[in-house]
Each structure stands twice: as C-alpha cells, then as structure tokens.
Amino acid sequence: MAKEKFDRSKEHANIGTIGHVDHGKTTLTAAIATVLAKNGDTVAQSYDMIDNAPEEKERGITINTAHIEYQTDKRHYAHVDCPGHADYVKNMITGAAQMDGGILVVSAADGPMPQTREHILLSRNVGVPALVVFLNKVDMVDDEELLELVEMEVRDLLSEYDFPGDDVPVIAGSALKALEGDAEYEQKILDLMQAVDDYIPTPERDSDKPFMMPVEDVFSITGRGTVATGRVERGQIKVGEEVEIIGMHETSKTTVTGVEMFRKLLDYAEAGDNIGALLRGVAREDVQRGQVLAAPGSITPHTKFKAEVYVLSKDEGGRHTPFFTNYRPQFYFRTTDVTGVVNLPEGTEMVMPGDNVEMTVELIAPIAIEDGTRFSIREGGRTVGSGVVTEIFE
C-alpha cells in the first residue's frame, strides 16, 4: 500500500494530555481520536493501543509515550499521551514531545490533585504556551454546584502558575461516555476540540524563526576560507547575510559567503538542513564546536541560569547516590560539554536519582542560551540528568 502524502495545507500543532493519574487522560485521548474519526479525517484508536505505549529513548532517558494523530477542519494534530507520572516529567523536561499546547484533564469527581498542580507548574516552566481544561467524569457528579466549585479551583490553580485562569476554556464532559458512543458526550469532545482549535495559538514554524546553527565541526579550505558545519536548528540563511559567532569567547560577526549541502552550492538553507557555511575573514581557530552561528541580536551568551532538571534514576543508568549544592558536572548544550556549578534551592538539602528539581547553574564559559534551551547533565560521558532553561540571570 502506498504511503499517504502528508497534507501540508493544514496548520500543524503538537499537543498532549496532562493531569493527575486516573483522571482519564488516556481515555480522553482515545475518545478524541474515535469521535473525530466519525467525522472524517482521523483513524480511530483504542484505549489499549494508546495505554501500551512503546518505550522511547530521548537523551539517554527511557520514556513511555503514545503518539497519535488526528485532524479537525482547521488543523492536523500530533497528540502525545504518557501512561505514568514519571513519563510526563521526563517528557516535558527533555522536550521529547514538544508541546504547542496542552489539554489539562481534571476529574470532576476528585477535583485538582497533587499531579494536577505539578503538571501545570511543569507546563509553565518548560514553556507550554497555552492550556485548555477538560473536566472529566461529569456523569459521576449529580451536584451542579460541585462542578462549579471544581472549575473555580482549577482556574485558581492555573492563575497561581501564571496561566490566564479566568480566560482558559473549560469543557465539561465524560471521555468514557463519548468513547461508548453517547451522542451528548460526543458533542462535548467536539466542543473541546473547537476550544483547542480556537484557543491554542498556531506555533511559529522553525523556518520562520531567527537563524541559528550549532557548530559541529570546523575546517579550512585552502584559498576559500573557513567552513563551519552543522544542522540548521531554526530559521534560514542566505548567501551574503551576516551572522554572529556566539559562545565560549567574545561574540564576533562575519558574513556567510557560501552555503553547501551534500557538496552542492545553495543560495540559502533552512531549518533541518545539514550544511557547511563558508565564513568570510574568519580563521579556523576563531570558530569551534559548541558555538552557534546566529542571526545578529537573536540570541546571547550567558553563564548563569535557572533550570528545571530531571535526574536519572539508577535503573536508567544514572547516579547511584544523591548530589548536593556545589556539585560540578558537565552541562551538554547542543554539541558540547561545559563544566558548571549547581546551586540547589533553599530547603532542598540534596537531590536523589529519579527526582526532578529546580536548580541554579553557573557555567565556567558562556554559551548561547535562552528560555527553553534544553541540555543534558553528564559525568564522564554518561548522562545523569536532563534539563531545560527556565530563567536567565547573567
């Protein structure tokens, strides 16, 4: 059977279900796919198929994640659902499943629970732009006032973590009833997806962002100059444009005088391309792995930042023992390791393998970073943690 061609005419967005264990995230995921399948462009998915999520490796961390896709009239969605709480934490911190928006599932029978709070906090820290709420299991609640109370609690909780709690759409329904084909509850799923379509902003495509390419390798071509190679992470670069060389040393400027891909000369390159960029007037020793080429003024070098970090458990090949403030591992950003010193928050004595923690880091050399930059923490070449920058200090 020939593979279907991916339809690019529709907007694409990545979303995921978040919320407390057993509040119905996976049932909702199955219900969305099943209800949308009745309306056309989507393949129905069973609960079991989603629940038996395959293991994936991301930055050396094992994560169970189910990926499904479905379509509304407006968009094509890639939806990620995780079976376990630990999988969520890892998923959000490593960026294994980049989320342009989330559906927060809260059981109307229980109200917000500890993981509800934790997932909202994580969404805020890792930069999920918008959340929509699905109050699930409303068929189990007879009291209209109780529903209103739960909705208020959820809105307050969202506001507490800097989401616009008063404006976030809240849809009440029952994923199980929708999955069983109850027309009233199927409509609630369509209402939810309408809210997701309308409320979650269309993500900016990588190729529309300012240019950046992490440098992987550098060599000189006699008579032509210095070439930096790497994969364009975002944006586009055209021959003749200026770029900055950022990280490790003082930032410098140069002009890209040639772009090559697979030994062919190009006029321009864009996000996803593996290229060699010929740099005017740059000596081979002026560029090194770990730096980035970037559109002038788009990203700056820093040494001190706050980050949300997941520490690998012993079973995942991580440390066997806890670490404390002043721990000095390597921080691996894009293509290189830089030593850094860890400062734990007040009241956190130590961090155990398997924990997630917010920490402050000071690197010994500046690196091009911004909010949302991902990194790994390594010791002697093995990964012991994974993190995302949440705030920059200096």
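Placed from the backbone N, Cα and C atoms, the Cβ positions cover glycine too.
The annotation GTP binding site is assigned in Swiss-Prot to 19-26, 81-85, 136-139. Its Cβ taken as reference, Lys25 (GTP binding site) is surrounded by 26 other Cβ atoms within 10 Å in the chains shown.
Proximity of distant same-chain residues to the region 'G1' (19-26), defined by a Cβ-Cβ separation under 8 Å and at least 6 residues beyond the stretch ends, is recorded for 47, 50-51, 66, 81-85, 104-107, 110, 112-116, 119, 136-137, 175-176. Per Swiss-Prot, the feature region 'G1' maps to 19-26; the stated evidence is similarity to another entry.
Annotated Mg(2+) binding site per Swiss-Prot: Thr26, in sequence order.
According to Swiss-Prot, the region 'G2' annotation covers 60-64, on the basis of similarity to another entry. Confidence across the region 'G2' (60-64), taken as the mean pLDDT and rounded to a whole number, stands at 69.
The region 'G3' annotation in Swiss-Prot covers 81-84. Each residue of the region 'G3' (81-84) gets a DSSP state, and the totals for helix, strand and coil are 0 helix, 1 strand, 3 coil.
The region 'G4' annotation in Swiss-Prot covers 136-139. Helix, strand and coil counts under DSSP for the region 'G4' (136-139) come to 2 helix, 1 strand, 1 coil.
Remote same-chain partners of the region 'G4' (136-139), defined as residues 6 or more beyond its termini with a Cβ less than 8 Å from a stretch Cβ, comprise 23-24, 27-28, 105-109, 147, 172-177, 185. Counting only the Cα atoms, the space from Val138 (GTP binding site) to Thr26 (Mg(2+) binding site) is about 16 angstrom.
Distance from the CA of Thr26 (Mg(2+) binding site) to the CA of Gly19 (GTP binding site) is 10 Å.
Here the Cα atom of Thr26 (Mg(2+) binding site) is found 8 Å from that of Cys82 (GTP binding site).
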